[in-house]
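Colleague: Grabbed the feature section from TrEMBL, which reads as follows:
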BINDING   174, 176, 177, 178  ATP binding site
DOMAIN    163-293  domain 'AAA+ ATPase'
DOMAIN    374-443  domain 'Chromosomal replication initiator DnaA C-terminal'
REGION    1-92  region 'Domain I, interacts with DnaA modulators'
REGION    347-467  region 'Domain IV, binds dsDNA'
């Protein structure tokens, strides 16, 4: 078959395909494909730009091809793919202003610190975007983060070839998730400088993907991310509701995982509580280890404050440190902010740091703990509202009034106390970690649609606050 003839035949296929799928899919998947012709065994070879294109075609358009190809090439035609190899320019060749797309330049002008993934195909080196201060040595360990820290160090020592792939870290803002995953990246680069490590937020990924779609460069975008050895992504909850982005990330995830590349993801909630995510992606999030980074307990808060005081050469009485540690309970970021504020205030006013000064700073900058809310406080408030004896929370029963009260207690304990999920379950009927997660998810979902339950929750919270 002549070259002109096989080009014409494939063009006929494209014409039919174009009429049967949406324009975006045609432009990104089928238009870049080139026919290499049909051999003597009636095998059609198509040159495709990436493995991602093959995966998309096989998953979504195989039935269409089974109808179109026999119509053009005959009933016995067979199909094979060949992935196009993109030759890399010499490392000394720079990407000049005249060769760069206007879209990429505009993106960099608007967000100069945002990674341009396509530029990286020109260079052997990849900027990992890691903050050098976020090391394991500067990360404070306590009971609230021990599991996450241990898993992180294991991954850093043996990325991609361990059972913790992916590592999914979840926890509230400011508890140290970003510090920990960047410490992984820094340790890996220290051990293996040539490793292609990349840290970014899910928001940055979204921005890059949107730009790639707009400029018909999705295949380049995917090829870049499939070249990463260690992908560290913050705030994966940003993908919620973004189905197209999730589908693209799904294929990147699969490729990296199957190639023994390491993935580390952070989120503000566990996978079971994520909504707006496609189920197949959620399933993959749970393939490895899911670990919570909890709010720091008193001992860890105290140790963090003492370490920062010594590091900065400050003189602060231990009773002031104790006062701050007992009243700033949410996250590490607030603790460090209080010390900085005290340093500035002490310097400007030329006064020693005291409890009175700490009290003024805390009142202005962070939410102080007005009263200690315990699991017992919560149980009493919940059971008092529903007219139940507290002992009934420990019963093995499925009676609705007891189940609702127990789930409400678990939800409030997670919100107001520093107990772990396992600890909450232990004091509420010897329930396991998964049961507590399910209870929290159930209450979260129901208060969004059940006005009566939402009113119950508000009244119980008011009782807890009033003591």
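Note that Cβ sites are derived from N, Cα and C of the backbone, with glycine treated the same way.
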Colleague: Pick out which of the binding-site residues 174, 176 has the most other Cβ atoms within 10 Å of its own Cβ.
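Modeller: Of 174, 176, the one with the most crowded Cβ is 176.
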Colleague: Taking 10 A as the limit, how many CB atoms besides its own sit near the CB of residue 178 (ATP binding site)?
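Modeller: Taking every protein chain into account, the count is 20.
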Colleague: Please count the residues of the domain 'AAA+ ATPase' (163-293) that DSSP assigns to helix (H, G, I), strand (E, B) and coil.
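Modeller: Looking at the domain 'AAA+ ATPase' (163-293) with DSSP, the answer is 66 helix, 24 strand, 41 coil.
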Colleague: Within its own chain, what residues at least 6 apart in sequence put their Cβ under 8 Å from the Cβ of residue 177 (ATP binding site), listed in sequence order?
Modeller: 148, 169, 170, 171, 234, 266, 293
Colleague: Taking the domain 'Chromosomal replication initiator DnaA C-terminal' (374-443) alone, what is its mean pLDDT?
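Modeller: Mean pLDDT for the domain 'Chromosomal replication initiator DnaA C-terminal' (374-443): 90.
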Colleague: Mind checking how the region 'Domain I, interacts with DnaA modulators' (1-92) divides into helix, strand and coil residues in DSSP?
Modeller: 47 helix, 17 strand, 28 coil
Colleague: Using the Cβ center of 174, 176, 177, 178 as the ATP site position, which other residues in that chain lie within 8 Å, going by their Cβ?
Modeller: 171, 173, 175, 179, 180, 266, 293, 331, 332, 333
